[in-house]
Amino acid sequence: MVSMMLGFKPKNAPVNPDEAAAVIDPTAHVDLHTGAVIEKKSKKERLFIARLDAILLVYLMISQVIKYLDQQNISAAYVSGMKEELELYGNEYNFMTTWFNVGYAIFLIPSQIIITRVRPSLWLPCLESCWGILTISMYKVTSAKQVFILRAFIGCFEATCYPGAIMLLMSWYTPTELAFRIGFYHSCQTVGNMLAGALQAAIYNNLDGRHGISGWRWMMIIDGILTLCVAFAGFVLIPDFPTKPNPLSFWLRPKHVAIAVERTKRFKRADNKKFTFASVKKAVTGPLFYCFVILYVASVLAQASYQYFNLYLKSLTNADGSKTWSVAQINAIPIGGGAITIVTIWVVGFLSDRYQNRWVPVVVQACIGIIPGIIMSIWNVSSGISRGGVYFSYFVCFLTLATAPCIWAWLSDLNPFDAEQRAFTLGFAIAFYYACGAWSSPLIWPAKTAPVFKYGWPVQVALWCLVIIMVLTLRYVEVKHIRPKNRRIIEEKEEAARAAQREAELHAADDIDKKDTQVHRITSIRSAETA
């Protein structure tokens, strides 16, 4: 008795599973939304995650680099000869982005619905092949109207790439892994933007005028060919979903699928199902839908300033009227900002998963984003703020581009039981952003107001303030309503499972009793016949 009071246990005493887990893994803790025990991974699970990272994540990252390269090459082309060759004027550069956004916004929701009915390993590569062909066609354009039409269709076909990839990551990774992986994937947007500038600089220096084709036209050809190569690889490298794996994914064996299904059940993640009107209605009648849509759209619109860094550089002149920066330098300088963004996204994603915190990183970035907004709202060509202050403001903006991984991981955390709601909220938020971007770019950041952009910077300050308000609101809703609701759902599911198990045991016992009764009767009859 005394030994037990002191903490010692008699030999062969039963072991409490919770105590054993605590001894084996002192870092184990409980997920606040699902009640799942988060503990140290087994060697088998770590090897499985490494396989996912090496194949699924790497493929999605390459695909995202190519997508963003195709999406942003218009900016590099504009400052590398397209403006002069096509005789562009006014806000026609902005309209190229507008038409892309229109196509993106219109097709995204229908495409998100289709991807729940057609295997992602078929749907995504087919779309990528289509926009690759259209990207190659861009090298033949001779007017702004042709660019508008092609950009609209490229936007249509690119629409599902980003949300489709996020859906796949949500299906294969757990909450302790998700933000970091989404961060790696999301950072490839910056890699694509950096490559657009670096590739255009290299092409301009080496291929401009080769076979009578301008450097920016060569870029469209090369981008399109790279896109087609990545698209064809997707037919075998995209694994679809754990419960419905791609039969052509040679790298995914039955034992890997079993581990994925077990991980999904452990974290109470709902299976992916076909879109229905009921699931859409359920999504739009809940507060999470509106909170995440407003939060995501406001954060991405607030980040738009970095896209106009090259226009600012192009506008600079020396005292003698000559251009301060060459075409190659205009494309190369923003690459430094892209490097800052990549490191920021990786660090933020890691810390978000490490501490299971999604809202603090977003608030911190919003506070940082307000600083250059205020500086540039004050600045004008005749103000006392030097070029160094302007460069500082633009480079600080690159520190604020890591909000999306935390937002999408937060969405997955708060809604683990309904994959359709997650997919619809994700798709609608991105579609709504592109719908807003279709008109906001010409109005807020018109190219004719470069380099001051007198409307854009004050709007950036207001949008970051809105982001802070929405994050705090969502955090309140999470703690007071969503988290208790999720725990109740888990308790109800566990109670239903226990009740079903008890009922099955009772049925099994009844079957045994019936069999025993039948055996007893048969034995009695045979005994009577023998007598």
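Just so you know, glycine gets a Cβ as well, placed from its N, Cα and C.
Remember, TrEMBL labels are computer predictions, not curated facts.
Quantities reported herein were computed from a predicted structural model and do not represent experimental measurements.
Listed in TrEMBL:
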TRANSMEM  48-66  transmembrane segment
DOMAIN    56-480  domain 'Major facilitator superfamily (MFS) profile'
TRANSMEM  96-115  transmembrane segment
TRANSMEM  148-170  transmembrane segment
TRANSMEM  216-238  transmembrane segment
TRANSMEM  288-309  transmembrane segment
TRANSMEM  329-352  transmembrane segment
TRANSMEM  359-379  transmembrane segment
TRANSMEM  391-411  transmembrane segment
TRANSMEM  423-445  transmembrane segment
TRANSMEM  457-477  transmembrane segment
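The transmembrane segment (96-115) and the transmembrane segment (391-411) are not in contact, since fewer than 3 Cβ pairs between them lie under 8 Å (pairs 6 or more apart in sequence). Sequence-distant residue pairs (6 or more apart) of the transmembrane segment (216-238) and the transmembrane segment (48-66) include at least 3 whose Cβ atoms are under 8 Å, placing the two stretches in contact. When Cβ-Cβ distances below 8 Å are used as the criterion, the transmembrane segment (457-477) is approached by residues 287-288, 291-292, 294-295, 298-299, 301-302, 304-305, 359, 362-363, 366-367, 369-370, 372-374, 376-377, 400, 403, 410, 444 of the same chain, each at least six residues removed from its ends. Most Cβ pairs under 8 Å to the transmembrane segment (148-170), among the stretches 288-309, 329-352, 359-379, 391-411, 423-445, belong to 423-445. Listed as Cβ neighbours of the transmembrane segment (329-352) (distance under 8 Å, sequence separation of 6 or more from its ends, same chain) are residues 76, 79-80, 179-184, 186-187, 190-191, 193-194, 196-198, 200-201, 204, 306, 309-310, 313-314, 358, 361, 365, 394-395, 397-399, 401-402, 405-406, 409. Across the domain 'Major facilitator superfamily (MFS) profile' (56-480), mean pLDDT in this model comes to 86.
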